[in-house]
Amino acid sequence: MIDTHTHIYLEEFDEDRVEVVRRAREAGVERVILPNVDFDTVQAMHATNDLFPGYCRMAMGLHPTSVEDDYRERLGQVRELLFSGEYCAVGEIGLDLYWDKTYAEEQKEAFVMQTGWAAESGLPVIIHCREAFDEILALLQSGRVPAFRGVFHSFTGSAEQVRLLRGTGDYYFGINGIVTFKNAHLEDMVREVGIGRILLETDAPYLAPVPYRGKRNEPSYLPYMAKRIAEILDITTAEVEEATTANAVRLFGEG
């Protein structure tokens, strides 16, 4: 399995990062992808990548909640790093209107710019979309955003939203611990996506699956997501693990 979205470089893992990776390997997680959040997290992300050679891959982008008055300066820094050739994706980028809509237009501009870099570099995109589905769909339909390959990370939308997104491009969908929550009701969406476009992710340290809900998440919990997806799709857990790993390699490359 590949954990396609984890932040094990954050301070929540400073005390036991080596043990976290050991447990992940023992659980069958053969690789992890580390998406950047903002310029302040770059050093920690690189340090974690260097600590586990060949196990981690990195993505570079400016997270929408990090878009503030100085976003153009930060984007310039992100672009310089992105084109250094050390990254497997542009991300995580997108729109987040959950807490604050003050910088909604700036978030849109940052998203358009960074998808342009993805098109320029040939890299896939890791998309963060929270309380902003209509806005991001409108952007994708507007012609302002170049065609790109990518994944909608931590996707919890409806089957109809999957169909609407597919009208704008061929995307993958990251499924994490939320799929194990009793009241999540993601079954129809997972079936609509289908095993050929699902990626496994933890989004650690956030969104730990049942039975660890509310605690710190980590990559070794990935099998809980695979098991629940297998139940929904009426296939084996092994089939989920094999297919989602192939999907991740198809999108992000071998690394």
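One is the number of the first residue shown, and numbering goes on along the chain from there.
Backbone N, Cα and C define each Cβ position, glycine as well.
When TrEMBL records H5, H7, D203 as binding divalent metal cation 1, the matching candidate from E92, E106, E109, E120 it lists for that site is E92. The binding-site residues E92, D203 differ in how many other CB atoms lie within 10 Å of their CB, and the one with the most is E92. In the three-state DSSP reading, H7 (divalent metal cation 1 binding site) counts as coil. DSSP classifies H153 (divalent metal cation 2 binding site) as coil under the three-state reduction. Other than H5, H7, E92, D203, the residues of this chain whose Cβ falls within 8 Å of the Cβ centroid of the divalent metal cation 1 site are, in sequence order, T6, P35, I126, H128, H153, S154, E201, T202, A204, Y206. Between the CA atoms of D203 (divalent metal cation 1 binding site) and H153 (divalent metal cation 2 binding site) there is a gap of 9 Å.
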